[in-house]
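Undergrad: Summarising the annotation, TrEMBL assigns transmembrane segment to 14-34, 46-64, 76-95, 107-124, 130-153, 165-186, 192-213.
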């Protein structure tokens, strides 16, 4: 591990910059969701989790990056937080008044309270302990965020189609995770390494679904059913 870190050290900035660009590209994919909301004229049928939780997570990642002095991660986390904040405002603008908007504000409030509490704790905890404990929390939350697309696993299996999974986002996340893993090795940061190893595993699991259940499987099945129906009627 040490020899690999020494070998990669001259390329630290390049690895960090490319990983940062892939991460930002991953977050920019939310533009497609925002455009769909605009075309529909309402946020009904869409979830704010990706945006609101994204704000909270990137704020925590920014603080942790400052703790470990990871310049590339500081810059990336700042950009990602700004992007998620814009998405959240966009989502709120298209959310009608009533129960739907109340649910959104409740999610925002809970996120602010949790993130604020964690940041407050970090400000009072002993410096010798805070980096480890803060890193543990950020690692758990990051892995949960990366695994959000797996919430659709039941639907994918039932429909035998990956139509609802965002392939470009998963690919960007996979590439970014590999590069951040190398960056963590260079920094000799245990949490970044563990976080990205597990993230690569989650991304691999998601990508395997595209092999098992091609996106075209459901439409083809539907087309076959319709064609069979027409033949039956002609018979």
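FYI, residue positions are counted from 1 along the chain as it appears here.
Backbone N, Cα and C atoms are what each Cβ position is placed from, and that goes for glycine too.
Whatever TrEMBL says is automated annotation, not expert-curated.
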Undergrad: Which sequence positions outside the transmembrane segment (46-64), separated from its termini by at least 6 residues, show Cβ-Cβ distances below 8 Å to it?
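TA: Long-range Cβ neighbours of the transmembrane segment (46-64): 27, 30, 33, 36-37, 73-74, 77-78, 80-81, 83-85, 87-88, 91, 95, 104, 107-108, 111-112, 114-115, 118-119, 122, 131, 134-135, 137-138, 141-142, 145, 148.
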Undergrad: Most CB pairs under 8 Å with the transmembrane segment (130-153): which of 14-34, 76-95, 165-186, 192-213?
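TA: Out of the listed stretches, 192-213 contacts the transmembrane segment (130-153) most.
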Undergrad: Are there residues at least 6 beyond the ends of the transmembrane segment (76-95) whose Cβ is under 8 Å from a Cβ of it, and what are they?
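TA: Result: 19-20, 23-24, 27-28, 30, 33-34, 37-38, 41-43, 46, 48, 50-52, 54-55, 58-59, 61-62, 65, 101, 104, 108.
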Undergrad: Quick test of the contact rule: Cβ under 8 Å, at least six residues beyond the ends. What residues does that give for the transmembrane segment (165-186)?
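TA: Sequence-remote neighbours of the transmembrane segment (165-186) are 1, 4-5, 8-9, 12, 15-16, 18-19, 22-23, 25-26, 29, 70, 72-73, 146, 149, 152, 156, 192-193, 195-197, 199-200, 203-204, 206-207, 209-210, 215.
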Undergrad: For the transmembrane segment (14-34), what are the same-chain contacts with Cβ under 8 Å, counting residues 6+ beyond its ends?
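TA: Tertiary neighbours of the transmembrane segment (14-34) are 8, 46, 50-51, 54, 70-73, 75-76, 79-80, 83-84, 87, 90-91, 166, 168-169, 172-173, 175-176, 179-180, 182-183, 186.
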